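So that you can see what the record holds, here are the features copied from TrEMBL:
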COMPBIAS  428-447  compositional bias 'Low complexity'
DOMAIN    5-106  domain 'Replication factor-A protein 1 N-terminal'
DOMAIN    184-286  domain 'Replication protein A 70 kDa DNA-binding subunit B/D first OB fold'
DOMAIN    313-408  domain 'Replication protein A OB'
DOMAIN    471-617  domain 'Replication factor A C-terminal'
REGION    427-447  region 'Disordered'
Amino acid sequence: MAKCVSPDAISTILANPSPESSSDVPEIVVQVIDLKATGASGNRFMFTANDGKMKLRGILPTNMSSEVMSGNIQNLGLIRILDYTLNDIPNKPEKYLIVTKCEVVSPPLEMEVKSKVKSEETGIVLKPKQEIEIKSEVKSEVPGFFLKPKQEMVAKSAAQIVHEQRQNMAPAARMSMTRRVFPLVSLNPYQGSWTIKVRVTSKGIMRTYKNARGEGCVFNVELTDEDGTQIQATMFNEAAKKFYDRFQLGKVYFISKGTLKLANKQFKTVKNDYEMTLNENSEVEEASNEETFVPETTFNFVPIDSLGPYVNGTELVDVIGVVQNVSSTMSIRRKSNNDTIPKRDITIADETKKTVVVSLWNDLATSVGQELLDIADKSPIVAIKSLKVGEFQGVSLSTLSRSVVLINPDLPEAKKLRSWYDSEGKESSMASVGSGMSPSSKSGSRSMYSDRVSLSHILKNPSLGEEKPVFFSVRGYISFIKPDQAMWYRACKTCNRKVTEALGSGYWCEACQKNDEECNLRYIMAVKVSDASGEAFISVFNEEAEKIVGCSADELDKLKSEEGEENPYQLKLKQATWNSHLFRVSVAQSEYNNEKRQRITVRAVAPVDFAAESRFLLEEITKMRASK
């Protein structure tokens, strides 16, 4: 077959804007021009389809992104369009070509395909600038020539099929037969009716809320089609009650009569520019077994040592790791409504030889968490989707209502991790990713060198942190630690909450509702930090205080009872002063005796890497010179 564009290819597309199936699509070969990436994820590509006479803006399917990245599809190259739809562009007369299936015909040609079009009525040669004007003529003249026979043939075929099979068909089968299934990549807020075929790859819990308009309930699901494209669908109130039991994790459904809007980046959980809302009038039909497809839960794993840049961000992450430790279930009391919810912590490690604590909440703590505890001695592998990254102990992970946990999944990454762990990982020395926060690491680089300010900047702005805590990085010296302050508290060995002495013996934990013979001491102290601009008292908690003092609170408590020429306790505190550190701090407002005060808290601490610090200072000097 000759490697050239199809004559009147764009006219053919415009004449048949929504073919019933790929078998109805004639030979359409077009030239790709103006190819470029688009969308937040960068895995979708826009282009202009050119047949030499006319041009049409379009978008390639996500499953063809690899062809673009590998260079098979390039500017000036030829592709054969096997299936497509046309969408309207709001406030414009043009159409928008959504390619759902195509194949490569030719590498780039030497130049853009062009040909002169003559008008039969006037004999005037139309210039390329007049392409827009002739599009309306093509739409009005060509459909009468091409579309009418196709409409008759398709209507007859569909009528015969429905007449012969309707009595024996399931509702979902009738829907797939009489209504065309659209790929998720082709949907947009301005589109009319559509039907999608998707698998539920994540299902959230039913949540209640209260706002100025009253009370309500909401839940959401993540849907994936056979191309691997995902979208989040949300249901409120009556729709949530109607579809909560109908949507089952892992099952395939036909869905129609939903609405789309631009995704809210703050609550975005999947890589899609749009999010879907289903109401009580939406249609959801489960597909039969013969109509299911393969795509299951998809993951985009982040190595544990690369979690730093995600701390306190809105983007959720997926991780995979070998379970090193599983705690018992804890009962945590919510501050908002005083409800008690179960929590369980697991520690996982990966090939970066870093570990991180993952907090499992609610049903995941009692179901999956218990299963992991039962097989913890076998070091199972877990793959977890949609985790929030927090800053507790430097870096921590926490599940949400939409999180998915798979134990020993059948994934290539899991097999690779198992092979590494069995061969060398189990004998390797592991370190917490939070304790590894240093200026030279990926996580520390973000934490210690972004938002660098002096202490005076914080102290001269007393309104900082009024609405919510704000974060800064500071370099300073520990100039004073008051020795007679309450430097620690008695903590539960299970949940680290404060305990009280029991009436008989031991210590009572209100959070865990249990009595323990022993407890731990955990730092909760204030230190004075100084830099060239001023000084301030800063609150420091256990892990950060241990790095500053150089020992645990239990060890420092023992030094109090020791005797010597110089009090060992006082000497230990003295040795901790006038050492330079990098601090990641939060600034918030607290109220004491009806007076608002600024509270500065250390969130991470690291020693100064003077080589990295010098590079940072040189960059700052360069910026100062450039601004003059």
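If you go along the chain as it appears here, the first residue is 1 and each next one adds 1.
The backbone N, Cα and C atoms fix where each Cβ goes, and this holds for glycine too.
Unlike curated entries, TrEMBL annotations are predicted automatically.
Remember, predicted model here, so these are calculated numbers, not experimental data.
Mapped onto DSSP classes, the domain 'Replication protein A 70 kDa DNA-binding subunit B/D first OB fold' (184-286) shows 13 helix, 50 strand, 40 coil. Helix, strand and coil residue tallies for the domain 'Replication factor A C-terminal' (471-617), in that order: 32 helix, 70 strand, 45 coil [DSSP]. The average pLDDT computed over the domain 'Replication protein A 70 kDa DNA-binding subunit B/D first OB fold' (184-286) stands at 87.
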